[in-house]
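Note sheet for the following structure.
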Ligand SMILES: [Mg+2]
């Protein structure tokens with residue numbers, strides 16, 4: 001049964017037991033573009049109490065630097081890059097862990113990215129000079145199955161935009177490349193607002209005909225939009241389309257609720273000299289099936305914040321169908337419960 005945290009004593013007990021606060025962003029810190037009431041002062045209080053804060057988001061639209069600027073502009077001061085873990089950054093960490101050379105921690109291969117600039121930039125930052133992400137170069141090319149089939153061996157596609165001529169003259173001797181020449185080590189797939197069929201067909205062709213690792217950013221099927229909260233396609237829908245065409249599931253899923261995100265976070269923190277003890281960490285989120293499920297998979301405590309998507313009736317529904325293992329450890333009205341009541 002989840003414990004509802006409401007009194008100062010209950011909150012103080014949890015604060016004594018926890019060093020790391022893993023915070024979902026939308027529904028816990030922000031609601032759309034607005035900051036949830038009392039969150040900036042709550043974050044300040046947690047920091048002043050010596051707590052480590054990490055923001056855990058499934059976004060792939062912005063790279064961490066852009067997200068950090070967005071949080072600062074929204075009124076949340078003091079957020080540092082190393083505190084942000086997104087699904088895009090997790091993909092980059094996954095690729096680095098699996099494919100980087102030990103000497104420089106960089107990947108000496110190309111990576112195909114079916115995804116937005118935030119994802120593209122995070123992955124590009126893990127590549128050695130002369131190697132490039134590839135995919136957005138194709139978004140203005142009208143789709144023709146024949147073109148993609150011929151482009152497997154014929155140089156019909158634009159050059160990678162990041163290729164460094166000085167370090168890696170091939171294939172810049174040409175003006176176009178083939179898919180086979182690209183020879184990516186991985187195909188990373190997430191939602192891209194500018195994607196077209198040419199880009200998706202090339203991703204599918206590469207996954208069929210090479211040993212490239214199939215990396216999915218996050219499973220969210222749809223994101224709510226507009227006043228009617230229309231559910232419009234997100235990464236899960238695009239991953240499903242590629243998976244259906246290729247006939248196999250992704251080799252890895254990077255965003256919540258996959259434990260990959262938590263494991264890579266713990267490894268990164270350890271590399272920087274900070275050990276995360278799961279017994280002394282709490283995941284705070286507003287969604288049962290992503291945030292709370294994620295927290296349970298990585299063995300940390302979990303707290304459902306009622307400031308976002310899910311409400312008490314969702315917990316009642318879980319209990320009625322006997323799914324008690326899906327319940328969070330704690331329920332809080334909002335993250336602001338951690339602000340001492342006298343200052344809120
Ligand atoms: Mg959320």
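Cβ atoms are placed via backbone N, Cα and C, with glycine included.
Keep in mind that what you see is a predicted model, and the values were worked out from it rather than measured.
Feature annotation from TrEMBL assigns active site, nucleophile to 24. Taking a C-beta cut-off of under 8 angstroms and a sequence separation of 6 or more, residue 24 (active site, nucleophile) has the following same-chain neighbours: 56, 57, 256, 283, 284, 285, 286, 287, 290, 291, 305, 308. DSSP assigns residue 24 (active site, nucleophile) to coil in the three-state reduction, outside any helix or strand.
Residues or ranges marked as Mg(2+) binding site by TrEMBL: 24, 26, 286. A C-beta separation below 8 Å, combined with a sequence spacing of at least six in one chain, links residue 26 (Mg(2+) binding site) to 32, 57, 286, 308.
The feature active site, proton donor is assigned by TrEMBL to 26.
Residues or ranges marked as substrate binding site by TrEMBL: 256.
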For a quick check of packing: other C-beta atoms within 10 Å of the C-beta of residue 256 (substrate binding site), how many? 32
Can you list, in sequence order, the residues of the same chain other than 24, 26, 286 whose CB lies within 8 Å of the CB centroid of the Mg(2+) site? 25, 27, 28, 29, 30, 285, 287, 291, 305, 308, 309
